[in-house]
Structure formats: structure tokens, C-alpha cells
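First the structure, in the form of C-alpha cells, and then the observations on it.
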Protein chains: 2
Amino acid sequence: MSETTTPATAAALDDRAAALDAADPLAALRERFVLDDTVYLDGNSLGALPKNVAGRLAEVVEDEWGRLRIRSWDESGWWTAPERVGERIAPLVGAAPGQIVVGDSTSVNVFKAVVAATRLAGPGRDEVLVDAATFPTDGYVAASAARLTGHTVRPVAAGEMAAAAGARTAALLVNHVDYRTGELADLPGITAAAHAAGAVAVWDLCHSAGALPVGLDEHGVDLAVGCTYKYLNGGPGAPAFLYLARRIQDRFDSPLPGWNSHTDPFAMRPGYEAAPGAVRGRVGTPEILSLLALEAALEVWEGVDVAQVRAKSLALTDFFLECVAALVPDGRLEPVTPAEHARRGSQVSLRCADAGAVMAALIERGVVGDFRRPDVLRFGFTPLYTGFADVLRAARVLADTVR
Amino acid sequence: MSETTTPATAAALDDRAAALDAADPLAALRERFVLDDTVYLDGNSLGALPKNVAGRLAEVVEDEWGRLRIRSWDESGWWTAPERVGERIAPLVGAAPGQIVVGDSTSVNVFKAVVAATRLAGPGRDEVLVDAATFPTDGYVAASAARLTGHTVRPVAAGEMAAAAGARTAALLVNHVDYRTGELADLPGITAAAHAAGAVAVWDLCHSAGALPVGLDEHGVDLAVGCTYKYLNGGPGAPAFLYLARRIQDRFDSPLPGWNSHTDPFAMRPGYEAAPGAVRGRVGTPEILSLLALEAALEVWEGVDVAQVRAKSLALTDFFLECVAALVPDGRLEPVTPAEHARRGSQVSLRCADAGAVMAALIERGVVGDFRRPDVLRFGFTPLYTGFADVLRAARVLADTVR
């Protein structure tokens, strides 16, 4: 990193940003979002608002709830929305139809998936491996699932997970992209290692869905859970999704067998009989307003190729790292996100002294990322609405702030 | 019930309805809702839309999500909304502040409450009593909770629950109002019997919250769960609420310990440490759009006395039964809802041949109730927006349909 930037360097970076923006095949997608002059690099926490959501939600409230009321469960398709919205997510994570259902929080879905994974693995296995650097809720919920099913939890670094899975392992719970460092885990390798050990891997896709091709079917994943309010822009607290691979659906034994996953819910029979298909992942009545806002938000993906999203994501994070290296005084920031593409998600995390104060100053100056204790600045790059000029501006404000 | 109605009887019923409407202290509340010329008697399934919701939700979407984005978790009070909305519900169910939290579906909350109840009861007790006529999801979820905690489920009629609780009983799960018959269970008596047996009663308030005074604190209830989209008019699939009595909060040991109930969520520590207070009932990120629509919907309760709501509810159901008796040909309908006020919720259920076809015909003619297999017509009376002239019209259409 250089102590000072020459005018020539500055102009060269401007030229580079302009050229990258001009060549960006996804540039026009930005028009599908409500944005302002903020450089919003926190889409890995809450995605920006797609323009079509407000109108659609007003229609849901005024027409479907206000006018049709109870009839909307049938006539407006509310009842089947969890599966229908799942089908919109499926191609974004490499899943054929019929395997994704939307509803409940990520935490609740992690619980379903981990308990079900231990049941799929069968008896005689006493441990659940949990990503040692996991987003905390996964760890808390996995510990509860293990307590209830008679397993113990063993924390293992994602990079050592494949080697750690063995004859005692019932389930593995792994974050596809580490929320703090932005490191991308080896989903194909860990999934294969889990299978080789007779165990079931559960993938948390919160920081990868919508940011990169996941390839759930291609890599033989059994169970996955993901968030829809980050790179999928579904709105604050939008319901999570649950992927149940077709081949395990008949054996998916949910710890939360609510009436919405009954094979004949309106028979209201006293005994539970699980529905076939991904519906089996449902529990209770879905929060329709949040769910249908998500459905509208997913329309921004029409015609979008996730491979192009990934290419742009890597170009954005590469360019940000390049700008930071060129502009930020030496020693002030240390990248913690891997430089290697194959190990990088769609965010850049930088270790920084006084990171909390630095992020507050950045936000004050119109560059919004976030801060993760104790010392990490986190910048998420949503390829659908982030441009290369945004990246350069963010790096300049950052350099100026930490100087 | 009479075969024919004289003109004198018809005029007398009109006069009675007019007098009852004129004397109704809650009549003006109807103006707070979006209604049309339908007689909507399905508020026990989905409450009507309060007029203020659409505007508030547009503001949440466009301003809080669209403009402030991630800052709204703090600046717009999203993070604390589950407790804040809980405080709005608290007075409606007889709870002092600090004991109710909103989020997740009823089914998920039943799971939390039943598992937690077995843990509160302690070891050495091997059964969970479940209301034999329960809304099915409660039974399915209780069976799952029992399976995970090493208990067995024993179905017991609500009326026999108090006598059935004994030394083997860890927990009881009871519907306060039976969803099918409209029968009101003896909450004080069953709660006291549970305590006397050393067990913990979990109350499902789905069909009583917002319809009658529940008296959670007064009757020493430990755990309760309720729905917000029926008599609380919170919108389709609006999040449920969970009541944790203050005295048991420190011992509430959730099977779903998500990061939202951690004592310091943003420390993101690997070990779970439960927050004090009702917050302990939270799990993952709340579905904010549905939650804040509910918050707005609850504003219709400002200045409303639940005792008056109960008085009107009983007057409405009494009048409906009276009109049905006067207008419907003998033998066509059999009330299954108890005549005794102390045993009646806010609905009237009538057994009827061809009930499915009859309800379809009623809906076609602008009287909306619902049908529960195999033979029950269900009419819910929401005192906030249902008038006595509505009741008479519904009874007339019903009489005409079944004649």
C-alpha cells in the first residue's frame, strides 16, 4: 500500500472504474432498485429495495387482505406461496424445481435441518461438527439440536471439516461464506467428505445465495438453509429458505411438524402425516406480507445469469482491493478476505484499528458498510446494483478516513 | 326453531338489531376498518384490514427499508420491535409489561413453550397432556417436543384436563377456545390444577386473544402462545406472540436459542447466553414487514376496554343464536357452541348437513364464515367491526340457504 497517491494514479483509477462500468453487462440492473447517492456496501446485511416491491405490497394489503380477505388463501395463492417463492430461488442456487420452500427464520430452519440431518444419518453416531467460525446463531441452534437428539457438538474450522468427518459424525453444519472474513468454503469437497463418512452436511448459504453459483444439485448437497434479505434483497427479516434434496425428502423427519406440512392440512386430523416434497419443510402459517414482498423482490432476477453475477462480484472485490492498496496508507488496513478467487465470497473484510469509529465516519460520509467486533470493517458488494465508480469512491473515502 | 317466521317476528328482529346497534359503545370502531357490504364473520380466521395499515406499511417499505436501509435496525426501532409489539398485546390478555414477545408462527412458539414447560417441570415426569380436540398443529408439535425430550403424549379432553394432571405430568397444552366448537376452557381451574400437580400448563390463546379477557397474570399462567391474525387483525400470517410469566423467565430454557435472544447478540460470541426477560423467547431475525403491519393494526385497540369487547361478543353470539332459532327451519342446524356464557368464546359453530356446500352458498351471497370438515359451519364475531344488523342479515341468509 502506498503512502501517497499521485494525480496520475488517481486519474488512472478513475479511468479504470469508468471502463469497468462501461463494460459491465449487469449495469442496467441498478435501475431496478431504489438507490441514492450513498455507496451502499451493506447488501450482505440488508439488500436495497427493489422498485417494484412497494406497489406489489400495497396491492397485497389493499386488495388481497383488504378486499378478498380470507378468500386470498386460495384465490390469491397465499397458501402455496412458500413453494412458489422457493421455485424463484431454486435456479439462483442451482436447484431443480420441487426442492425449496420458504418460511421461518434462518435460525429455525437450521434447527429443522440439523435435527433432520442427525435422523438421516441414523443411530450409532454421536457428534455434530459445527463450523468453528460460524455465524453464532447456527452454533447456538446446533447445540440445542444436539442436546435434544443426544449428540455432542464439536467445533471444527471449515477448512478442516472434510478431514474431520468420520464414523462418529452424524451431521456437519457449515457456512458457505464466512460472515466475518468473507472466505468461501469448499462446498463440493466437504459435501463429498460427509457422504464418504456416512454423515449429512447442512449448508448455510446466507452469504452466498444470490452472490455466486452454489450448485446444490450438482454437488449432491442434502440440506441447505439460506437467507433472503442479503443478496436476494427480500426485505428486512424476509423469510429464509430450506432446500431438501429430492432424494432425501421422503426421509426428512422434521422436528417442527406443523400443520402446513401435513399431507392434508384441512382434514385437521389428530395424527401427523408428512406431506411429500419440499412442503414437508413448512411449519405454521407463513408471514404473508414479508413472503410476498420477497416474491416481488425476486423479480429483479429475471434474465440474470448467476455466472455473470459471480464474475462481476469478483471484479468488484478485486477492484476494491486494488484501490485500497493504491490509496490507503501502509499498515492501516489488513485484508482478511482471501485473495484467491476460489476462496472468496462477495465481500471484503479489512482489519483496522478503531474499526467501529472508522465505520461510523464512513457512514457519516455516505459509504455504508458495517462493523464486526472487535476490529473488522465489512464491505459487501451486490453485483446487481453496485458499480465500479462506487467502489472507487468507497476506497477514497476509506483512505481519507483512516489517513 | 320455527318452520316459518311471521312478519311480526321479522320486524321485531329488525327492531332488536337496531336497538342493539344504537346502544353499542363500540359501534364507532367499525370506522377503523376497511369493510364493504359483505357480512364478514371469519375474523376468527383472518381479521379485517385496519385502515391505517396500508399507509404505515408504505412508509416502512419506502422510507425505512428504501431510504435508511440497514440503519433502520437501530434508527427505526426494528431490532426492538418484537418486545415493543408485545407490549401492545399485553393489556389485551391481562399481562403486565415485560412478558410478551412477538415473532415466529404459532406452531414454532408452541414448540418453544412445550419443550420449555417440560424443562420447567423438571425430571421424573414422563407425560405431556394435550387437549384431545386441539387445533392439529399443537398436537403435532407437542408430539415432536415430547419425542425430543423423552416424554409421551396423552390426549385429554379440555374439560377433564384439571383432573388428569398428576405426578407423571410435566406439561399440559390446552386451547383456550376450541377452534371447532367455540367452547371456552377453564383457564383458571386448569392452571391451578397444573400447579397443584407440579406441572406447567401452556395455553394456546389463538381463539381468545382480542375476543375476551384472558387474565394471564391474574390466573398465574406460566406460558402462553397466541395468534395475531384473528381477533387482533394483524394481517395474513402475522407473527404469533409468546407470553413468559416474569417469575419463570430466568428458568425459560428455549429449544430455539437463536442469536436474537442472546444477551449480547452483536458480540457474536460462540457460546449462547440467554438474555433476561421476554427477549429470551426470540429466535432469529423477525419478519419486519409483517411485524410492523401488526404493530400498526394494534393501534385500533387504543381506548378499547376488553371487558366491553367481551360483553359485545356475548351479545352478538346470543343474538345470532336467537335469530337462527327464530328463522331457521327446525332440525336443519344444531348448535355445537355452548349456550352457557362462561363456556363460550366469540364464535358460533353449527352442525349442518352439506356444510361445505352451504358455506359456499353463503359466501356467494355475501356472508363469509368458514367450514370445518366434516359438518361444521363456523361463524366468528369480531366485536370491533361486527354489528347486530350484520348478525341478523347473516342469520336470514343462512335460513334462506338451508331452507
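The backbone N, Cα and C atoms fix where each Cβ goes, and this holds for glycine too.
Predicted, not measured: the structure shown is a model, and the values here were computed from it.
Here the Cβ of B:Thr137 (pyridoxal 5'-phosphate binding site) has 29 other Cβ atoms within 10 Å, regardless of which shown protein chain they belong to. B:Thr137 (pyridoxal 5'-phosphate binding site) falls within a helix when secondary structure is assigned with DSSP. Among the features that TrEMBL reports, pyridoxal 5'-phosphate binding site is placed at B:Thr106, B:Ser107, B:Phe135, B:Pro136, B:Thr137, B:Asp138, B:Asp204, B:His207, B:Tyr229, B:Trp259, B:Thr285.
Shown in sequence order, B:Gly43, B:Asn44, B:Ser45, B:Leu46, B:Gly47, B:Cys206, B:His207, B:Ala209, B:Gly210, B:Ala211, B:Gly380 are the residues of the chain, 6+ apart in sequence, with a C-beta less than 8 angstroms from the C-beta of B:Lys230 (N6-(pyridoxal phosphate)lysine). Residues or ranges marked as N6-(pyridoxal phosphate)lysine by TrEMBL: B:Lys230.
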Item to check | Taking residues B:Thr106, B:Ser107, B:Phe135, B:Pro136, B:Thr137, B:Asp138, B:Asp204, B:His207, B:Tyr229, B:Trp259, B:Thr285, which bind pyridoxal 5'-phosphate in the record, the widest Cα spacing (Å, whole number) | outcome: 30
Checklist outcome for this item: Comparing local Cβ density (other Cβ atoms within 10 Å) for the binding-site residues B:Thr106, B:Thr285 points to B:Thr106
Checklist outcome for this item: The answer, for which of the binding-site residues B:Phe135, B:Tyr229 has its Cβ ringed by the most other Cβ atoms inside 10 Å, is B:Tyr229
Item to check | Where B:Thr106 (pyridoxal 5'-phosphate binding site) falls in three-state DSSP terms | outcome: helix
Next on the checklist: Can you filter B:Thr137, B:Lys230, B:Thr285 (the recorded positions) down to those whose Cβ is less than 8 Å from some Cβ in chain A?
Outcome noted: B:Thr137, B:Thr285
Checklist entry - Including all protein chains displayed, how many Cβ atoms other than that of B:Asp204 (pyridoxal 5'-phosphate binding site) lie within 10 Å of its Cβ? => result 28
